[in-house]
Amino acid sequence: MVLRSCWKSRHKNSGGPAPCWIRPGLVAVLCLCVIQIGCGSGAVGETKNVVQKDAEFDVTYNDTVTSENQTIYAFNHTVSRNKTEGVRVSVLSQLSESPILFVVRQKQAVLSFQVPLILRGLYQRKYPYNHVARTLCQPPTRAASETQYFFVDVSTLSTQGTNYQLRVSRVESFTLQTNKKFTFTASPSQPQYFKYVFPDGVDTVIVKVNSDMNFPCSVMSIQDIQCPVYDLDNNVAFIGMYQTMTKKGAITVQRKDFPSNSFYVVVVVKTEDEACGGPLRFYPLRPDELIDAGNRSKVLDVMVSPAINSEVYVMGMLFCLGIFLSFYLLTLLVILYVWLCVATGKTPASPYEYGSFADNGSTLSSEAITDSATSTDNNYGYMERSLDSVGRSRQESLSSVEEDDYDTLDDIDSDKNIVRTKKYLCVSDLARKDKRVLSKKYQIYFWNIATIAVFYALPVIQLVITYQTVVNVTGNQDICYYNFLCAHPLGALSAFNNILSNLGYVLLGLLFLLIVLKRDIVHNRALVRNSLNALECGIPKHFGLFYAMGTALMMEGLLSACYHVCPNYTNFQFDTSFMYMIAGLCMLKLYQKRHPDINASAYTAYACLAMVIFFSVLGVVFGKGNAAFWIVFSVIHILATLLLSIQLYYMGRWRLDSGILRRMVYIVYTDCIRQCSGPMYIDRMVLLVMGNIVNWSLAAYGLIERPNDFASYLLAIAICNLLLYFAFYIIMKLRSGERIQCLALVYILFTAVVWGFALYFFFQGLSTWQKTPAESREHNRDCILLSFFDDHDIWHFLSSIAMFGSFLVLLTMDDDLDTVQRDKIYVF
């Protein structure tokens, strides 16, 4: 080892060749020494001694530094173009008020850090670290092999000697191998990074970092091969892609994003755990107080694996299309089978549906209808109306019919209160309004939801495109809650498989619309022929709500796809808004079947659904742990349940005015105190009591537990009420002596089984925005279908099929009544 003074070297050998210990590149070092000494002599008036030492790898140097001396350690190593060798500088020093500055000068990079290293947390907390280790950035070389020099300068402003230990070593396994796991240890002051080179034939890889420890919180980053490498907590987010992690982290990397066909995998341990959902340390009493961070070392392992190739993408798309297009094929086969049955005289369905029975007596003249009307008892005036309205051509334009002109029921205004409050009601009692008026009334459901869909979807699409752009530009993988272990990018989309799997909602929604359209056309043809079954039998056929349901299913697919472009808590309402719509429309359709005259108008229904979505937004924003919000919502929930119960029980024949309390007291006195009498409408009362029990229980659960996922809680309320009403409808249908046809029974059983499997996959919970992004990634799992789809994708497949089946159940469950007079069909 040679010890020299830089000052002395300036005066020696000034005219001769450079001394043998001066290596190429050392001229810059000597110039720096001269400048430093010159500045020091001008400012302090003293000569600062600079000592240079030849140093070796894997040797620990124990030394002391003061403000009067500066030490330079000179290293050299061989760099190969085909092999990257990592170099790591490790420094250990005692804690002192005056830190030691270490400057590592390389051919194309400079790295500097102080020891103790002060890292800041939230609220300007300061954490000192006296053990620092940094990996040097290795610039690429064009030569096949060359020797490169780098220097470690050690200096301080402390007048007292400060001891330190310096060790420079080579990093084993600096270049990661495909499908080989490598284990390492990192801490806030000792980050780690490794290099990976894309092998031939591989265009996409997935980098997985795992640990058995939840905390300390850490960050994994993917950065391009350039210097400097940002590997500290305060700068790791400057470039590249990054995400916080506890136990799991995964980032999919594409070759096209890295021109050098290689990248760095950087792992940094954060100074605090708040970003990963951990506890926040106490606030220091003094602003400049240093806080002992304790042991924040974390053992991790990293593995880089090839991602799927283009063939898997094609297979996944064909599989998705094949599943749902098979339903179109199955529908065509069913239609062909029915047509053949009709052609051979063996009709399996409604006798007026297919239009070939005109010669078999299903089409009657006006005289026949009149004779039938005079021979029918207890028809409550429905059959006594003029045949002009019964036989009116369905080809007349509905645009000339206004509900305000016909909905007053002037001809029966004197007795409608009597009719609707009878103890036993039949469908004919609640199907007295003009069919054209009701048809137009229910068509408004479709046109309104189509308008809502356009105005809702356009800003949603714009917003999620912005979200995806922000993710791609900033590289912040914490914005979106993907299942990162099964997130396959395509173009600018980060999780194409989660978007593709929503195709089922759109295709099956469209298929349902086509089925409804076919039924609508056939029914209108039957009306034109004055078919008795179409005019006076069965549940009144109004298809507007069915069209709205099919449109809502399609929009659910579109908006769910938009949500999965960048899933997070701020846009979760995109995924749930039309679920509320679907649940509400299904309940309205069930009620409309036997209450066509008194069903809610489209404006009222959508206004109520808008209030539900409004509360959903409030709950997501303000509901987390907010007692006041939950109290207000629970009160509104219970009051709405009571008001709806009264509306349903009295068939709308009540008034909400200043005298309602007086009437309530009177009813309680006469029916409960003066004489104990049971309810007049027992079936309705049973349904409403059960509904109130369920809703009051849900309100109590929400008030006590205050679930974080308010949107799902609200959806659970809607689904529970829908299932309760559907079960009541089926039970009452069977109790009334009606039957369920074979096809509808098959739909019910098939839908129930599919819903069971769908809910199983739904509750797998591959991610959750109720937690931090790092905690959400603990739930991530690998793909389970074709190496392309995960559990949530299968939920999309099965739930779209189940919803389609549920719609078919609503469409066909009352086909057995198509030959039954409406005054023989009970209302419940």
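The count begins at 1 with the first shown residue.
Quick reminder: no glycine exception, Cβ is built from N, Cα and C everywhere.
Features as listed in TrEMBL:
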SIGNAL    1-42  signal peptide
TRANSMEM  312-340  transmembrane segment
TRANSMEM  445-465  transmembrane segment
TRANSMEM  499-517  transmembrane segment
TRANSMEM  545-566  transmembrane segment
TRANSMEM  603-622  transmembrane segment
TRANSMEM  628-650  transmembrane segment
TRANSMEM  710-731  transmembrane segment
TRANSMEM  743-763  transmembrane segment
TRANSMEM  794-813  transmembrane segment
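Panel annotation: around the transmembrane segment (499-517), residues 316-317, 320-321, 323-325, 327-328, 331, 493, 543, 546-547, 549-558, 560-561, 564-565, 789, 792-794, 796-797, 800-801, 803-804, 807-808, 811 of the same chain, lying at least six beyond its termini, place a Cβ under 8 Å from a Cβ of the stretch.
Proximity of distant same-chain residues to the transmembrane segment (545-566), defined by a Cβ-Cβ separation under 8 Å and at least 6 residues beyond the stretch ends, is recorded for 442-443, 445-446, 448-450, 453, 456-457, 460-461, 464-465, 467-468, 471, 479-480, 493-495, 498-499, 502-506, 508-510, 512-513, 516, 572, 574-575, 577-579, 581-582, 585-586, 588-589, 592, 796, 800, 803-804, 807, 810-811.
Between the transmembrane segment (603-622) and the listed ranges 312-340, 628-650, 710-731, the one holding the most Cβ pairs under 8 Å is 710-731. Residues 320, 323-324, 327, 498, 501-502, 504-505, 508-509, 511-512, 515-516, 519, 546, 549-550, 553, 556-557, 560, 582, 586, 589-590, 730, 733, 740-741, 743-744, 747-748, 750-751, 754-755, 757-758, 761-762, 764, 784-785 of the same chain, all 6+ positions outside the transmembrane segment (794-813), place their C-beta atoms under 8 angstroms from a C-beta of that stretch.
Within the chain, the transmembrane segment (628-650) has long-range Cβ neighbours (under 8 A, six or more residues past its boundaries) at 421, 615, 618-619, 622, 656, 681, 684-685, 687-688, 691-692, 695-696, 698-700, 702-703, 706, 717.
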